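Enquirer: The structure is given below, and queries will be raised subsequently.
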Amino acid sequence: MMSNLIILPMLLPFVCALILVFTKNKNRISKILSITTMIVNTMISIALLIYVVNHKPITLDFGGWKAPFGIQFLGDSLSLLMVSVSSFVVTLIMAYGFGRGEKRVNRFHLPTFILLLTVGVIGSFLTSDLFNLYVMFEIMLLASFVLVTLGQSVEQLRAAIVYVVLNILGSWLLLLGIGMLYKTVGTLNFSHLAMRLNHMENNQTITMISLVFLVAFSSKAALVIFMWLPKAYAVLNTELAALFAALMTKVGAYALIRFFTLLFDHHPSVTHTLLVFMACITMIIGAFGVIAYKDIKKIAAYQVILSIGFIILGLGSHTISGVNGAIFYLANDIIVKTLLFFVIGSLVYMSGYRNYQYLSGLAKREPFFGVAFVVVIFAIGGVPPFSGFPGKVLIFQGAITNGNYIGLALMIVTSLIAMYSLFRVMFIMYFGDADGEQVQFRPLPIYRKGLLSVLVVVVLAMGIAAPVVLKVTEDATNLNMKEDVFQKNVNTHLKEVNHK
């Protein structure tokens, strides 16, 4: 029974998206249906996650064809944690955008494409074979291509061209890697791949193939290959920028974690050393970006890049603590970046400016923003007891265990830079003088303050209740880093491991 439910987190948004196609210009129906769907989706995802943590992973084989021959979905602690958090933030993002009451909310079927993007994201988390991962990536990317060009301004179209070109190249690389891996190993199912690759250690061909996947997923995660992200995020409206920041790069980071723990861990001196190097470069790029701009939307965009560096540094340590920290920080960052973009978007809404020098006096008029901003800053910086702290401590431990003191030092320094870049915005909000004309701030709608409050509470709760979340991330880490544990819990019928 539970195995059949695993399809629901992907099926419900898909069905809702189809229904919304026929509700054009019916604004109220669109809002109620889409938000209700995502609330139900979140509840189902959390229920499945609780079941998996207390029992064992669940799988669903379509058409009665068991793995490795049929299409399979896998619900383990890692995938369902990502699905639960993603469903939650999409619910808030939809409420944030659709609460405006504009008649334009259904223009271009905006909610439909948000739901289709969600289908691709959740499908990427749940699928248990490589080809379907590619299919889900394409669903996600096609929906995102539409969303990033909705405004039809010259600035948006320029950003969209870079975004589309780099992501198409990444998709080609992913398809190339899938073909190479299938030709070499003869299977695409994760469980079967893990079994066969475990018997192909020190195989240079596999190492080369793993590097193809590394580059492909790096283009999705903005790991070093980041050029598409700042321009694309800066031209999007608040809810779409929050959606992209919360989900798009995180799917790439999730894929890197899944592949370089469960599948490609046979030659860490090459693959994981390269991951650490790329993480360090990404942290440096992000740090320069957050202090180079006065545009608060671009500052937020580079914060996304910086956090990817933190996550991949933990993965690159190739240790239990490092990977555990990476998974925790990944889940946490989905929520924190949603809050960050909500705060930044609200500042732009109230002031009409993206340059933080025009925000003088805002915090005195809206004291609530001071609280929200402090929570964001400390969560990003990893200050205890905020939600960024447990993940960063575990990543620190992984770096120390691995002897990666340069990466550790970079993470500490760039974390401080990330905090500084936001503190200077906050300083202007409290104490700065308006640059030029006196800005007239318009009030933020109550419902948006309510959504910000929900995220603030959740970020605080993740820090205070970290042991609960760590139970989930520890289970995910052990399952994916220990091949024998994975095989005892997933697809136990796969006993034939000889490569034929």
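Don't overthink the numbers, they just go from 1 along the chain as shown.
The backbone N, Cα and C atoms fix where each Cβ goes, glycine too.
Quick paste from Swiss-Prot:
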TRANSMEM  2-22  transmembrane segment
TRANSMEM  32-52  transmembrane segment
TRANSMEM  78-98  transmembrane segment
TRANSMEM  108-128  transmembrane segment
TRANSMEM  161-181  transmembrane segment
TRANSMEM  209-229  transmembrane segment
TRANSMEM  240-260  transmembrane segment
TRANSMEM  273-293  transmembrane segment
TRANSMEM  308-328  transmembrane segment
TRANSMEM  330-350  transmembrane segment
TRANSMEM  403-423  transmembrane segment
TRANSMEM  450-470  transmembrane segment
Enquirer: With an 8 Å cut-off on Cβ pairs and a sequence gap of 6 or more, do the transmembrane segment (450-470) and the transmembrane segment (2-22) reach 3 or more such pairs?
Expert: no
Enquirer: Take the C-beta pairs under 8 A between the transmembrane segment (403-423) and each of 108-128, 209-229, 308-328, 330-350. Which stretch has the highest count?
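Expert: If we count Cβ pairs closer than 8 Å to the transmembrane segment (403-423), 308-328 scores highest.
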Enquirer: When you check the transmembrane segment (209-229) against the transmembrane segment (32-52), do you get at least 3 Cβ pairs under 8 Å, counting only pairs 6 or more apart in sequence?
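Expert: No, the stretches stay apart by this measure.
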Enquirer: Any chance the transmembrane segment (240-260) and the transmembrane segment (2-22) are in contact, meaning at least three CB pairs closer than 8 A with a sequence separation of 6+?
Expert: no
Enquirer: Is it the case that the transmembrane segment (2-22) and the transmembrane segment (108-128) have 3 or more CB pairs under 8 Å, with pairs at least 6 apart in sequence?
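Expert: Yes, the transmembrane segment (2-22) and the transmembrane segment (108-128) are in contact.
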